[in-house]
Amino acid sequence: MTQPSLPMELVYHEKQDGLLCGQHCLNNLLQGQYFTAVDLADIAQQMDQAEQQHMAEQGVDTEEFRRFMEQPSVNMDDSGMFSVQVLTSALRVWNLNLVPYASTSPLATDARKNPIEQRAYICNFKDHWLTVRKLGNQWFNLNSLLSSPELISNTYLSLFLTQLQHEGYSIFVVSGDLPPSTADETLLKHPATQTTKPKLLSEVLEEGREDQELKAALSASLAKAGVGPTGAVASGAGASGAVASGAGVEVDDLQAAIAMSLQESSSSESQGTSRPSQQKEPSMEELRQRRLAFFSKNTP
């Protein structure tokens with residue numbers, strides 16, 4: 001597999017941790033670890049308190065206030081999901097704003113006409129946030145559910161955003177000057193290349209589970225074949241007491257398992273459905289006679 005180019009490795013990309021996609025989305029946008037879950041939770045709590053104070057001004061004995069206090073926070077939940085209001089408030093620290101892509105705002109209108117002229121987009125669908133950002137003169141899908149950043153061509157960006165809309169995503173244009181980043185500066189001079197499309201983390205985890213299942217199956221086969229965990233063939237317990245191939249043989253686990261399977265298959269075919277009969281182990285005298293016959297035949 002072709003390794004990613006150095007500029008691609010400089011792209012900051014947080015992968016999914018629990019349901020903290022809002023945090024990953026912001027940090028991938030800003031290209032660094034600018035926010036933690038605690039930071040965003042503090043912002044959400046401040047917003048909750050402001051909303052509670054506003055409702056209390058209408059009277060703490062009202063039915064509306066009672067129902068409000070019974071409802072869970074709309075700004076965050078226990079899983080780590082944060083609202084668009086929290087993300088918007090966090091970005092104001094950097095003088096950045098979120099403008100709905102489908103709105104009548106002049107910025108949104110320009111973005112729909114020519115999306116590559118913008119700097120970044122933040123997208124949300126239900127409980128998931130993701131960032132699409134330009135670094136250098138190239139666009140990247142920085143979805144935290146991907147195993148690595150995904151390079152998006154300028155010609156495909158418009159179709160990509162349209163596809164997200166059709167899937168139900170709300171898209172926001174990021175307005176303002178993003179903080180400088182090493183990846184942005186490097187990619188201006190050395191564009192990134194990508195020969196392998198990144199996978200979803202769920203696919204990577206599934207492959208990992210399949211690898212573990214394969215390893216378990218191989219271990220079971222090797223144990224049955226008499227091959228130890230390091231690949232060494234177990235020493236024979238025959239009358240001679242000699243170890244196969246002298247002091248031991250190192251074999252590849254996979255080859256040993258396959259060879260054992262082929263041997264069992266061949267044995268089953270030659271013997272039909274019946275089990276092969278057990279051969280009597282040669283005695284010490286028979287082994288000695290065989291060795292003498294072999295040396296006599298091969299000695300000039």
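The backbone N, Cα and C atoms fix where each Cβ goes, and this holds for glycine too.
Curation plays no part in TrEMBL annotations; they are all automatic predictions.
Feature list (source: TrEMBL):
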ACT_SITE  Cys21  active site
ACT_SITE  Cys21  active site, nucleophile
ACT_SITE  His128  active site
ACT_SITE  His128  active site, proton acceptor
ACT_SITE  Asn143  active site
COMPBIAS  261-277  compositional bias 'Low complexity'
DOMAIN    8-189  domain 'Josephin'
REGION    258-300  region 'Disordered'
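This prediction places the mean pLDDT of the domain 'Josephin' (8-189) at 88. Taking a C-beta cut-off of under 8 angstroms and a sequence separation of 6 or more, Cys21 (active site) has the following same-chain neighbours: Met81, Asp127, His128, Trp129, Leu130, Ser144, Leu145. The Cβ of Asn143 (active site) has 24 neighbouring Cβ atoms from other residues within 10 Å, across all protein chains displayed. Over all protein chains present, the Cβ of His128 (active site) has 18 other Cβ atoms lying within 10 Å.
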